[in-house]
Structure formats: C-alpha cells, structure tokens
Amino acid sequence: MPSRSPEDGRSGGVPATAPWPPGPDEFRAIADSAPVAVWVTQLDRRRSFVNRAYVEFLGVSYQEALDFDWREIIHPGDVARIVAESIAGETSLRGFELIGRYRRKDGAWRWLHSTSQPRWDTAGNHIGFIGVAHDITEAKEAELALREREAQLSAFINQSTAGFGQVDLEGRFTLVNDRFCAIAGWSRAELLGRTMQSITHPDDLVRNVPLFERAVRDGTPYTHEKRYIRKDGGIVWVNNSVSVMRRPDGEPFGVLAVTLDITNRRISEQALRQSEETLRLAIEGAGMATWELDLATMEGAWSPNRFDLLGMPREPGLRGTVEQWFARIRPEDRERVRITTQRCFEAGEPYAIEYRIRRADTGEERWLQSHGVRIDYGDDRPSRFVGVSFDVTERKRAEEELRASEARFRTIFEQTNDFLVTTTLDQRLTSVNPAVLAALGYTEDEVIGHSIAEFMEPDHFVRSRAALEQKLREGGSTRLTVTVHAKDGSELIWETNSHLVYDESGNPIGLHAIGRDMTEAKRAESHLRLLIDELNHRVKNTLAIVQGIAQQTFKGGSDPVAARRAFEGRLAALSEAHNLLTRELWAPVPMSRIIGDAVAPHGGGAGRFVIEGPDLILAPKTAISLALAIHELATNAVKHGALSQPQGHVAIRWERIDARGGPRLHLTWSEHGGPPVAPPSRRGFGTRMIERGLSAELGGSVKIDFVPEGLVCTVDAPLPEVPE
Amino acid sequence: MSARRRILVVEDEPVVAMCLEDLLESLGYEPVGPASRLAEGLELARTEALDAAILDINLGGERSTAVAETLAARGVPFAFASGYGSPPEGMGDRSRLIGKPYREAEVAAMLERMLAG
C-alpha cells in the first residue's frame, strides 16, 4: 500500500518543522512514479495535490484535477453507496476503503479500490486525508466471471433435470441433490443411510456391480441404463453416467452418477415408435431410404424404398443383410465402402460416403449418398448401424458434366497456341494460359498481379488503356496490335482482341483478351516489302536497259524493218537472260548456262557452237551483260559471219587463270568456216555493247578482231568474287 | 571540242550508261566515264576536270555516296539517278534526283540547272 501513515512520516527522521511531506519535489517524484492514483486533501476537502496517475485517469489539466468533483464519474449503480461510505469514513477520522466503478477519460468504467487515511499535523490536529486508488478492474471482472460460473454451476446441479448421486467406494450414498431424491423416490436422509446396490433392481445388479467395481479399481467411467426400486415399490428407469471422484492426490474417494430419468422414454416407446414411423415416412418422402443393421447378426430392417433404390423386390419382413447390400455395390467402389463401414462399425466414426450401385432389376448404374452412425447402448445390447441413403445420380451427372466441361475449357486454355489473358479493370493480370508464359519466358508468379504495362511498349499501353475506356463507354470488343516484351528482351508483336467481363448485375469486372503472335507474319510482311522494293528497282532498271537498247537500235538512219528485227532479237536475249535469272531466283548462275541460253535462238542446238569451259559462277547483273554481248556476237555471226554459211561454226572457250592479283577469266569467241571478214565501216550498238559495255561490266578488256578467217572476240577480266 | 562541258557518268548498267552517254553527246556535253564501279567513279571524280556529274545511286550493291562527297568537296554539282526512292541520307533532296529510265528533257533541264547554279 503506497499510503503512508503520519507515524511513518515521523519515524522517517524528518525534521519536526516539516514532518510531511519530506519535500514537495521528492514527494511529487515518488507519487508521480506510482502506477496508482494518489491525492491529498485539506480539511475543507479541497485537494492540495494529485499525482500523475490521478491526472491521467481523468484526462484533464493538473489544476482541473485538483478541483474535479469525482462524484460526477462514479457509476450510477455505485454512486449512492460510495458517497455514503465516503462520508461515513471521513466522519470516523479513521482509514477507510471504497470499491466501485469510475469512468476513465476514455469512457471506460474501471473498478477502483481506494484507501484513504487521515492526516495529522505535528500537534496531532487532523488536517485532511491522503488517498490512494488501485485499478482492480481485471481482478474484479475475473471474480465476477467466476461468481457467474459458480452460480450457473450450482443452478445446474440443483435445478437441472439431472440427479447427482455420489457414493463412497462401497456404494454408500454420501451426497445427493434434490433431483436425485425425486428420481430415486427416497428422501435425502433415507438415501444417506443406504447403498446404491440396495435400491438397484436385482436384475440389473448383475451388470451394474462389475462395472462399478471396475470403475473403482481402474477409474473406467461408464454409462448404463438400469432400474431403481422406489420406496413406494415403484420402478424407475434411469440412464446413469458414472465417473470416479478423486482427491487432489489422485486417490479415489467416491463415485458420482449423473442420473437421468428415462422411465418416460421407456413408457412412451410405443408413441416414440409412432413418431419414428412419421419421421421415416418424411425421410422416405424426401427420397431417402433408411436402414438399421444389427452389428451382431449383420442384418436388419430396411425401409421399403431401400429395396426400390437397389432395384430389389421388397422382402416380406422388410429386412436385408449386409451381403445383399454389398452385392449391389459396383466392384470398383466396394473396397472403399467396406473400409468406411468398417471404421464406423469398429471405431464409431460417422459414416458418410458416395458410391455407385448397379440396380438388381435394370442393371442401371446409380450414385448413392449415405450417412450413418453406430448406436451403442452401453449395456449388453449389440450396437446398431443406422442411416439413410439417397440417390444423387442426377447431381453426380451434372457435376461430371460440369467437370468435363471445365476440363474441356481448361484444355483449350492450356493447350491453345493463342494467348489467353484475363485482367482486372485496372489491367492487372489475373490469369494467363501456358502459351503466354511459354512465349514470354516468365513464370506464372512473375506475371500474375502485375500490370500489363510492365510487359508492353509504353505508347502501346496508352493505346490499350484508350481501348479499354472505349469498351467501358460503348461495350463490344477492341482489336490492337501491340509490341510485347519477353523476359529475354526480345520483342513480340501480338494482335489482341479483348472484351469486358460483367458480373451478374451487369457491372464490368474485368477483361478477357485473346492474342495471337504476329511476329512472324509481320516479319514476313516486311520481308515482302523489301522484295517489292527490290522488284521495283529491277523493273525500273530493266526498263532503263530496254530504253537504252531502243535508243541505240532505232538511231537515225537505220532501216526500220531491220531495226525492229534487231530490237526484237535484243529484247529476246534480255528476256532469256531474265528467264534464267528468274528461274534461279536471281541467284548467281553458271556461265555455261548463260552462254548456252544466249546462243540457243541462233542454232545453239544444231551443233553450230562449241561451248567449253569450267563451271564458273556469275553474278546476276554480269550474267545479263554477258548474255546481251553473246547475243550481239551470235546475231552478227548469223548475219555476216561464220553462221551465214552452212559449214561455219563458232567456238566459245573460256578458262580460269590464276594470276597475281587474283583469278582471271579468259574467254574467246572465234568464228570458223564463214566468208572472209572485213572490218565494218562504223561500229554499231552490238560492237559497242560488247567492247565497252561488257568490259565495263567485267572490269577488264574486251577486244574484237576482224580477222579475215573469222571474227575473234577476246575477253580478259578479273574473275569477280561472287557472293554465295 | 574542249569547249564542251564535261559530265561524269557513274552508271553500272552498260546499256544504260551507253544510252546516257549518247544522250549527253546529243545535248552537246562531253561524257566522262562511264564508271560502273565505285572505285572507278571515285578515281574519275578525284582526277578528271568536271563541270557536273550524274550518279546512279546503286552501283552493283555499292552506293555512290562517296563519289558525291568527293565531288561536293571539289564544288562540282551532281545529281543522283534512281528508278525509285530518294537521294542518300544527307545528300540533298529530291530536287537533285533524275528518274530512271532517263528522259532527255529531264536530263537536259537538270544539267542546265546544275551548271547555272
């Protein structure tokens, strides 16, 4: 107790002039550190000091705490008593205590236990009180709870329908409640002079005594039903739950029976059976079949519709066996049912199971759901297994259909190559299918819950956001092409189609999107674009060549008919070279093919040409120039040279010469067996084409010699490196 | 003959180059070249006395940009020739582009503009 008597103050060796407090500061420090409220009052009841805990309890300033009327915060249920006790205490000029509820600053009612002691000055005059208050709320609440439990318990024992009869280890009654007396039909005084054996029906003692002796010996509790013989000679059936009472050291000192009067239950068995029948009808009306199985004989009563459920004829006695039932269970389910029933039979576990049967009559498969319990009697009557079954085939089928449908959708979700994505309305991913994860290289954890913005080009996300807003405004679906970032940094182009998902009341709750990888398609598209550009270039280039050929062929002064024929021949040569290049997809082509194709229109197939040389490869552009040059030479040979005579022929030979500075091509065109050759008066397109065009193209020298025995054209050029 | 303006021809297609040469001659210019390869074009651009140049952008896979740079350094005006597209990056605009196939009027006008400027 933190309160201090005047004697304590004096014996503390404090100077007589200031016996109490020892010093304002010191007293304040001590008082403020105390977890209890402390106050000091004057004779006029005004407080001259309160400590920190006092102030904190009130939640006001120090000055307000000094003036505070504490009666204002006493619980209405306590205020009259406390005020009265307080006045009495003060008047007595002795220490006094108050216990009651006071309102703390937070509004909570707290139980406070205050102790007030009178203060005396050195002359022995009463000068006021000093008080201390403890918060005892927790202790008080615990006490109240305990008291409540105690009251409940005693009420339960004294007013309950249960009788309590306690006997010593020999069976002599030591304690009985009113209810037990009423049930047993003896007064308390009469019972306390008797043993429980003496009032138990002799027929029941045979079972009762061994159970009682075992309980005393081993402490085994038991429940049984037996008869008491009342003082008036009447019989009362009771259900007793019996347990051993022990001293704190564990030594048994008595046996307690909690006794229920079950005479009425036994008497009204007939009525009960009737109500059971009613219940059974109700159960069967609800499609439930019932059974009772005697676990000693493994047979029992079946409700008529249990026979119907199994497709069996109703037996005249409406009884069935476990074997009959098991025979109907589908072999795949039989073991499972056997194990479950076994647990119920042996361990008393509640029985609940779904299994398939095959109806005895139609052979149809049906699903049954069954619930059962083991009923024990605590006496020598055998336990029974009772329960209900009902047909759940339709529900099972619906479930299976749902499961199959779910599985189908799941299969689609998991196995499609398209990307399936669901998001919240703020575009956070809620699910993605494996195709998404495979394409992006992320695990599910790395994407679920994340915003789609993390996986997208920023401006594409802005477009996606805008598309979402459009859908929220107008409904429908939107298509977008977006660039998506895979984990490895690669960019994928996805074409997505998304629509809103709505809840049952029509509010949008999220987004479903299906996406397709267009990366390859887009690549193909840009490749095609390149090809078209290239084609455009080639077409323009070819037209430029045609323009050049036309310009050269139709120079002023030439014979129109001959010029047209020459033009056609040149175009044909150009076209032939293009054909070859097109066949080879503009890849480098072998020289023999170029030359062979170029001379073919001029009797190339009739043995007029000798074409010999290694299989050198020419770039497409070089091939065109060479083809045009050979065409010019062949045209000239047919018109004026060796091929104008039946016996004339042309030899085209080339070789690869490895010289310093790289390999060189050496090619000769020589005509034989033609008329004597004279140099032409002017060099036409053909000659220029050959000498200048080809040499420029090949980067070497091309020379035409008008040798009288036959024209010779010599080509000497570096062999161009042909890119593979 | 020395009074004729000298025009460099860089064109990798022999027939087209010949055609352009004839065209230039008929317009009263003296063609220089033709150069069908980049190295050849650079050599001529560096060494020949030139009044202007017509450069095919594509030279068998190479681009004639370097020739243009050499000419620009010497203050020789030039025009690009192409069947499509635009002049190489940083090499002037479409106003200095001659379309292919060559048309006499277009080539003549371009040369007059270049030589006047």
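For all residues, glycine too, the Cβ spot is worked out from N, Cα and C.
Given the structure is predicted, the values throughout are model-derived calculations rather than measurements.
Noted in TrEMBL for the protein shown:
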| type | residues | note |
| --- | --- | --- |
| COMPBIAS | A:1-10 | compositional bias 'Basic and acidic residues' |
| DOMAIN | A:23-82 | domain 'PAS' |
| DOMAIN | A:96-148 | domain 'PAC' |
| DOMAIN | A:149-219 | domain 'PAS' |
| DOMAIN | A:222-274 | domain 'PAC' |
| DOMAIN | A:351-404 | domain 'PAC' |
| DOMAIN | A:405-475 | domain 'PAS' |
| DOMAIN | A:478-530 | domain 'PAC' |
| REGION | A:1-25 | region 'Disordered' |
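In the predicted model, the domain 'PAS' (A:23-82) shows an average pLDDT of 82. For the domain 'PAC' (A:478-530), the number of residues in each DSSP class (helix H, G, I; strand E, B; coil) is 12 helix, 30 strand, 11 coil. Residue counts for the domain 'PAS' (A:405-475) by DSSP state, with H, G and I taken as helix and E and B as strand, are 43 helix, 12 strand, 16 coil. For the domain 'PAS' (A:149-219), the DSSP counts in helix, strand and coil order read 44 helix, 12 strand, 15 coil.
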